[in-house]
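Some notes on the structure that comes next.
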Amino acid sequence: MTLRARGLALGYGGRRIIEGLDLDLGEAPMTAILGPNGCGKSTLLRALGRLMAPEAGRVTLDGEDIRRLDTKALARRMAILPQSPVAPEGISVGDLVRRGRLPWRGMLSPWRAEDQRACAEAMAAVELSELAGLPLDELSGGQRQRAWIALVLAQATPLLLLDEPTTFLDLSHQLDLLGLLRARGRERGLTVVSVLHDLNLAARFCDVLVLLGPRGLVARGEPSEVLTPAHLAAAFGLSAEVHPDPVTGAPMVIPR
Amino acid sequence: MKAVLGAALALLLVTAASLALGVRPIGPSDYLDMMLAFDPTNADHVALATVRLPRVLGAIIAGGALGVAGAVLQGITRNPLADPGLLGINAGAAFALLAGGALLGDLDQTRVAMLTFPGAALAALTVFGLAGGLRGDTGPMRLTLAGAALNALLLSLVTGAVLLRRESLDMMRFWVAGSLAPAGSRPLAEMALAAAAGAILALAIAPRIEALSFGHALARGLGIRPGRTQGMALAAVALTTGAAVAVAGPIAFLGLMVPPLARRLVGHRLRMELVTAFLLGGATLLLCDTLGRLVLAPAEVRVGVMTAVIGGPVFIWIARGLRPGAQA
C-alpha cells in the first residue's frame, strides 16, 4: 500500500496553504503529520483521503489517482476518521461500529458472520466490548473517541487516516491507542497516517514524521532526522532542545 | 425482530377495531358476506366496500408512507424534528394538488393527484437548499426554520387564492387538515404503488443514509457519494409524502412521532426502523381516524386534527429533549 502525493497544492478559495508537496507514505507502518495550528495538517489529511480536491497535483494509491477510483472500492482500501465526527442521538456503540462495514456490503447482502466478527474484534481492540449496548452519549469523551476508532477498524482497510485520534484521550489511553495501532501495523500490515499534536508521542510511536510549518513542508523522515532544533524553530518558531527519551531512546523535545 | 412483529400485531388489531367500530357496528360475518357474495342493493355491503374499507386502506397507505418519509428525513438530517409537515414538504404536495385542481378541474382525479410528487420533490429540494443541506450538514435549527418559511409562504399563497374564489371553503378545509373521509374517491391503488416504490427505494439505500448521518466527511470515507444519496433519499421522501397527501391531505406530526418510537424499539438500524415506522405509522393514523370517527359520532373530527392534537405535545417533548446545539 503506497500513498503518494505529487506536486500537491491545497487551499481554500484562493488562499494556498500547501504548495508543490511531494510525499511518499505507506512504506512505514506509522506516519505522523505534525506542525503548528493552521499549517494545513488536517487539510493535507483530507486531500490524502479524497475528502478535498487538490488545486494542483494528485494523490495516488498504488499508482492510481484516488479521484479516479470508485469511491466504494477505495473505501475498502482506505478509511478516514475526520476530526470531530457527529453521531445520531441515542445510537449505541454497537450500532455505530456496525456502520463501518458499509463498504463491504452489497445493496441486498445480509449481515454476515464476517461482518459480525470484524465488529466484535474492533470493539475488543479498543476495549469497548462490554459497552456495545450503551448509547454513545452516555460514554466518556475518551470512550467515545475509541468507539469512532472501532468504527474505522471495523472497516478493515489496509490504510487508515486519522485526524488527531488522541484528542480527548488521557495519557494512558493515548499510549494504548498508539500502541494498538502500531501492533496492528506489525501483525497485519496496517498502515496508519495520523495528524498528531504531541511531538514526543509521535517520536515514540511513529516510524516516519512529516513536519509542516507555516510555509509548507519543513522536514520528513525518521524522528531523529526530523525533530531537530533547527526544524522545530522553522515549524513552530520554537526554541527547544532535543534529547533522547530516557525510556525508549526516541528524540524528546524540551522547549527552552 | 420481536418489535417488528409487535408493530405488525398492533396494526392488525387497530385494523380489526376500525373495521368493526362505527356508527353502524359491523361484525366479521358481514365482511365475509360482503367479500363472498357482494350485494349492491345491500346498504351494509355498499357502505363497507365504498366507505369503511377504502378508509382503512387509505389510513394504512398514508400513515405508513409518512412514517417512512419521517424516518428517511430524520436519517439524512440527523434531526429529530425533521417531518414532512414541519419541513413544508406536505405543504408543497398539497399546494401542487390545489393548484392543479384549480387549473385542471376536479381535485380527486388521478391525474391531478400525481401532481403531489413534483410538488413534494420541489418543496424538499427548496427546504434543503435553503438550509444548506445540499452543500453540507444542516443543523436542526436551520432546517426547521427553512421549513417554517416554506410553510408560511405556501399558506399565504393558498390564503390569497381562497379569498378570490367562491368554492374556497373546500380548498381551505383540505389545506388546514387532512381527512380520510373521502378516501373511497382517491386513487388508492396508484398511491399505494407510489408509496411502495418510495419505501423500497428507502430500504435499498438505508445503509447509505446511515453513513450519511455521520456527516459528509466520514460518509465519503465509508464510500458514499453524499449528493447522490441525498438525491435518492429526497426522491423516496417525495414519493411517500406525495402518496400520503394524495390519499389523506396534509397530515402533520405523524412523520415526527413515529420514527423515534420505532428507533426506541429496534435501535439505530434504519432498515428495521423503516419497516417498523411503516407499521406504526399505519396503525397510528388508523387509530387517530377511528377515534376521530367515534368521539363526536355521528359528527367526526378530521384525522389531521387528531394527529395534531396528539403530535403537538410530542413535538414539544422532543424539542425540549434536544440539548443546546445538539446534532441529533
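A Cβ is built for glycine as well, from the same backbone N, Cα and C atoms used for every other residue.
The feature transmembrane segment is assigned by TrEMBL to B:56-73, B:85-105, B:111-131, B:143-164, B:191-211, B:232-254, B:274-296, B:303-322.
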For the transmembrane segment (B:111-131), sequence-distant contacts whose Cβ falls under 8 Å of one of its Cβ atoms, 6 or more beyond its ends: 84, 87-97, 99-101, 104-105, 138, 142-143, 145-147, 149-150, 154, 186-187, 190-191, 194, 230, 234-235, 237-239, 241-243, 245-246
Dominant neighbour of the transmembrane segment (B:232-254) in B:56-73, B:85-105, B:143-164, B:191-211, B:274-296, by Cβ pairs under 8 Å: B:56-73
Interface check, the transmembrane segment (B:274-296) with the transmembrane segment (B:85-105), three or more C-beta pairs under 8 A: no
For the transmembrane segment (B:191-211), distant same-chain residues with Cβ under 8 A (at least six beyond the ends): 57, 61, 64-65, 68-69, 71-72, 75-76, 113, 117, 218-219, 222-224, 229, 232-233, 235-240, 242-244, 246-247, 268, 270-271, 274-275, 278
Close approaches to the transmembrane segment (B:143-164) from elsewhere in its chain (Cβ under 8 angstroms; 6 or more beyond its ends): 77, 79, 81-82, 86-89, 91-92, 94-95, 98, 102, 123, 126-128, 130-131, 133, 171-172, 175
